[in-house]
Amino acid sequence: MFGGQVAAPINSPHLRRSGSRAVVSDLGAELGNGVENSYVHPLELNGSKNASIPLVTAAIVPSPTLLWRFKVLLFLLWGFICGKTGWQSVMRMSADLRDLFLYEAFLYYNPLLLVTTMVWLWGINLWVFSGSNINYAKIFDLDQNHLTHREIWKCATWMTIVVPTSMTAYLYLYSNGEVSLAASQPVLLYFAVVMLLIFPFDIFYFSSRYYLLRALWRIVLPFQAITFPDFFLADILTSMAKVFSDIERSVCRMVHRQVATIAWFEADSVCGSHSVAIPLVLVLPYLFRFFQCLRQYRDIGERSALLNALKYSTAVPVIFLSALKYHVLPESWTNFYRPLWLLSSVLNSLYSFYWDVARDWDFSFARMFKFNKSHLYSHLLHGRTWVYFWVIGSNLILRCTWTYKLSAHLRNNYLTVFTIAALEIFRRFQWIFFRVENEWNKINSRPNMQVSMNDPSDDEVKLLSSSAGGYNV
């Protein structure tokens, strides 16, 4: 566990005869271990009491296991302190304001908690890919400095620490009457997140941050050939539509200085639950994917791209028909718009489920969950029939509940909405495994073609690659 002693060889010139003085010498250079400031301990040799062997003592370094346990202990202690402080702060509030401000605090922090969950699960995806010999770096066109699963988990750990700490500070300060300081907590957190993403200097995974921002830019403005990473990230964004909607409402209240107040509670408030901005933000990820599919059809002329675009267009009626509840008469909603909303929800869920199973996935299980080294997870998951039933069944159920989070009129219980949004992220986490494996199988099945430097341009090469792969995400 700790650094031990290194003995000099018997024929070392540093050994002295019996009765000679102890000699302190630098053995680090001769032994080649780089140890500095070494010192000598006497040691009996071959039963001679006066014989001594100089020893080099390495620096005492805690073992990685001990350090890991210490970090886990600190993490659990931090979680206990945050939980206890937050609970005491909530109980200190008056009963009539407690639920209201819990709802508001949850609005500010639940988007970042869901993003943190997504980062943790993405790290698990990368861990499985690296263990099952799926070259995800080649699939996503990553450079040598791309983040590994360990670095992803390190980022997720810091997010897990920072976000709940800020939420605890918000509750504690407000319950103790420091309203202005409490209102500054979510503002500072959101500002820090934005600055961290756009910070222009080469620190904190600059190349990875640049890769993410560049991919987001291509998703918003699809003026170039669509690549697999563009499709892939845009699909993940559709699962986080609720996250973007809550971020919009949070930023709206920050801009209008309604944090830690009840001004937003009015129905006609620009930042209230009846705001027209809610459905507009919810629909944006689906519009991005819709236009990507149209761009793909324009570039390569595949009919499946139009069918894929139709799939994303079915989410639009679900979102806007739900929002109409707050802007039409109750009789009109019950007799006309509500049946239409139910019909559009069923159509969207079933169409999306069909596309997941028939187009996005490949259930060959040739590589997925088959690790290079013997592993318990590989034994439990690789080639097991129950995995088929679990993935298909859970995907169908979560596709149906997915419409709940897209429907503004069903958002009265924020804990229920948060749970369903988290389950949708888990569904996407499962989807990633089989979608990436399917893409890897396509890459390996393509014929090896040598392309010279004078051959088609980069955009044309991307189009040829897209056509061969059939990116039906």
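Cβ coordinates are placed from backbone N, Cα and C, and glycine is handled just like the others.
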Given ranges 14-36, 129-151, 451-473, the stretch to which TrEMBL attaches the annotation region 'Disordered': 451-473
From 70-87, 304-321, the residue range that TrEMBL assigns the feature transmembrane segment: 70-87
Reported mean pLDDT - the domain 'EXS' (269-467): 78
